[in-house]
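Student: Got a structure here, written out as structure tokens. Questions coming.
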Amino acid sequence: MMDIQILVLTIIFIGMSIGAEIDCKTVIRNAFDNTGCTSKCVTIVGNGLTPGGVHLSFKGNMVNNNGVLMQDQSKVIFLASDKYSCDSHNRYQPFLVQDSGSFGVFNLYSNGSIRADDNMYNMRCFEELGNIIHFAHDNIRLSFLLRISDQCKPLHFGENCSDTSTTGSSTSTTGSSTTSTTTSTTGSPNTLSFSFTLISSWFVGNERYMQYNVDIKNDGPVAIKNIIFSHENFEPTDKWNVESLENGWLTLPSWAGIGVGQVFTFGYITKSSTQPKFTIQSSSTY
């Protein structure tokens, strides 16, 4: 799949009239569309300006995880112009990579919202600025574009010159092996099993975050329309493709279903080291 958008850096003009505001969902739609692709990489790149005049630059790769754009293990790196060093060749070198920063959680959602750690923001888009997307964090105005390609490539942004590893305030590891499986039966003929896969983990300070995918497999002979399941030790900081009921139990989104022998996947992020247990309370068939 060819690149369908071109990366450019944005320049913010303070006091500029930017015309009518438009719905950002139309601007970001292609980033969430996996049609014709087995995988997709979305690169975010942008700039910012603080009230004190400090310039920010940020870039990173993101992957579509069941409808949520999440930063990959290298994180979205933020560099600031007030972090600098001096040497004999270039007296002033802004954007010092040793002082780069990142968010432990940085997600983009198809409804036009952004999560940065525990903060939620709305994207803002304007007709005269095309595909440039805006949001504000701690009174800092940020703008970015999205580049879509068939695979994530090294960005070489925020790296030390002496090595090829990304310098940042947090570290991350990834994995793809299933860590455990629990099975819960609702009664003949419907049998469902839950499989947990650790996708990645990272540290923010001394706090460890872990991202899991949960595969619900229909091992029964009939298709499942929906299920309701209770949980123990389930303390997510974020979750997707699963909805909470008033009593705290969980259910699938209204559009979801699980065919015979098929799998439905939802995900969550947690700081808990204890793996949750899910128990089916009821299910419905087509």
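Backbone N, Cα and C define each Cβ position, glycine as well.
Just lifted these from TrEMBL, have a look:
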- 164-188: compositional bias 'Low complexity' (COMPBIAS)
- 192-273: domain 'Carbohydrate binding' (DOMAIN)
- 162-188: region 'Disordered' (REGION)
- 1-19: signal peptide (SIGNAL)
Student: Over the span of the domain 'Carbohydrate binding' (192-273), count residues by DSSP class, listing helix, strand and coil in order.
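Tutor: Final tally across the stretch: 0 helix, 52 strand, 30 coil.
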Student: For the domain 'Carbohydrate binding' (192-273), what is the mean per-residue pLDDT, to the nearest integer?
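Tutor: Summing pLDDT over the domain 'Carbohydrate binding' (192-273) and dividing by its length gives 86.
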